[in-house]
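Student: Marked as substrate binding site by TrEMBL: A:26, A:27, A:58, A:59, A:90, A:91, A:218, A:219. Annotation comment: TrEMBL describes A:89, A:217 as active site, proton donor/acceptor.
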């Protein structure tokens, strides 16, 4: 009788290819920074993106309410046949990731783990700062995830909700591509608003002498240069998007569920808001390519 | 005034190169499977390996006692100027990783996290088995780490301590390179002993219908083909060594502490046992290259 030997996690995968789409969602278009990284890392993959702009922002809402949104939108995406779910929103991850992982049979990747891991690996003085929405900070998901990787790290967290407003204001004022949000021209508009509150928000973290700062909200990478200017050259800024894309790739590869090399990928966009033109305009700039006209979806009230 | 912007976690690292060695230890020579992967992944890096063979095996000892060993050996390695510590032993990781991370200023990478992450990503039916020593199973470190990645996974753990004895017996009997341990010739010697207990150990996990099995002890990869034969073709076997080597690389890269490309690496081996010839003979086969004569170190009793 021929011997059957166990497969190696490294040598081979569980199965062949899988061209089903990846489901990605966020409270708005901030998660498109993550979608962009996923599409760059995995150009053969189809994606379905859902932006819950009608109920944005999630930050000030209760954990229970956001958990309900996560269940509702993940169900909607799973019904569309996605092979993997990405919660591209820190607040929604903090409130609903574990419940979603227990509910759905496809893997669910959140926004916290990847950034926490990168920060835990990078810090040299083992003092890590986290800026995020109120909901994310109160959930303490970042300190938990960072100390799970390295129990010797001290984590300093602070809620910086007004940064989200500044990004949205900046997107409305500036018409250039998203990188321009921190360019000289845009700074004329958003710098005064930013400087006024950045000092209040960030000075306590500077005094704590963190050498690594997690941008714990998908909007914040759009303020990276301004935040870096306040924190100073010695502080490493970690945003999760690129690390999340790597997690998606490794998960699909290990499960034998990457799209076939000859797959012709589709990128579909849905929003719960009626303002589809605004979503298309902002979204194309955050996604860094034309997203086409998104489809409006009326989610039932919970 | 020129603007100072925060560094990106991806674009650049904290500092330049660092040629200090990586410290690796295990209760014996099982951790040399990890050292081998680290040297293959990072050929410019120097390593200092400590095998605590005089007190091997750690498996049946209390958590407190093993934690004391971890503190003692990490202190010994840090005193030799290592830039990073690797606990290449699951039992020692379960008992002493967090304490070590809080004690030492260099990063400490354990054996559990990387394997747990690979298993959580790979499982398709979300039923993961873990085989390990008694101490590792009782610490529940694997279920915790796996569910930290995916809360929807059910973990089935079982202690398989006699597998360690079989490996050691196999190393004594067979003189070929380590891959031969599961070759036809060696199987003549170790298969009867293996088959007798493998059924008892592994049949309950088979009945639980796990599709992924973590080899939660650095000795077990040397029995991979035999374990795979009992578990069957549909079960993915995950060993941590390669994943740990990737964690080491990414941690050093993020901290700007990789060795310089022109570094001439050294590999030094130390053992707490008097049987240095045996360590040299077994060790060279597990490490897959000649390790030279290891240096005996007399550790004070705790």
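Here the Cβ of each residue, glycine as well, is placed from N, Cα and C on the backbone.
A TrEMBL annotation is a machine prediction, not a hand-curated record.
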Student: What same-chain residues, at least 6 away in sequence, bring their CB to under 8 Å of the CB of residue A:219 (substrate binding site)?
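Tutor: The answer is A:30, A:163, A:164, A:167, A:168.
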Student: Can you tell me how spread out the substrate site is, meaning the largest CA to CA distance among A:26, A:27, A:58, A:59, A:90, A:91, A:218, A:219, in Å?
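Tutor: Overall maximum Cα spacing for these binding residues reaches 12 Å.
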Student: Residues near the substrate site, A:26, A:27, A:58, A:59, A:90, A:91, A:218, A:219 excluded, by Cβ within 8 Å of the Cβ center?
Tutor: A:28, A:30, A:31, A:56, A:57, A:89, A:92, A:133, A:136, A:164, A:217
Student: How many Å separate the Cα atoms of residue A:90 (substrate binding site) and residue A:217 (active site, proton donor/acceptor)?
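Tutor: Here the two Cα atoms lie 6 Å apart.
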Student: Give me the long-range Cβ neighbours of residue A:91 (substrate binding site): same chain, 6+ apart, Cβ under 8 Å, in sequence order.
Tutor: A:27, A:57, A:58, A:59, A:61, A:66, A:132, A:133, A:135, A:136, A:217
Student: Which secondary structure state does DSSP assign to residue A:90 (substrate binding site), in the simple three-class scheme?
Tutor: helix
Student: Which residues, sitting 6 or more apart from residue A:26 (substrate binding site) on the same chain, put a CB under 8 Å from its CB?
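Tutor: For residue A:26 (substrate binding site), the qualifying residues are A:32, A:34, A:50, A:51, A:52, A:87, A:88, A:89, A:92, A:218.
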Student: Translate the DSSP assignment of residue A:58 (substrate binding site) into the three-state scheme.
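Tutor: For residue A:58 (substrate binding site) - judged by DSSP and reduced to three states - the answer is coil.
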Student: What kind of secondary structure is residue A:218 (substrate binding site) part of, going by DSSP in three states?
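Tutor: Once the DSSP labels are grouped into three classes, residue A:218 (substrate binding site) ends up as coil.
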Student: Of all the active-site residues given, A:89, A:217, which has the fewest Cβ neighbours within 10 Å once its own Cβ is left out?
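Tutor: Across A:89, A:217, these active-site residues, the one with fewest Cβ atoms within 10 Å is A:217.
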Student: State the three-class DSSP label for residue A:26 (substrate binding site), counting H, G and I as helix, E and B as strand, and everything else as coil.
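Tutor: Strand, per DSSP.
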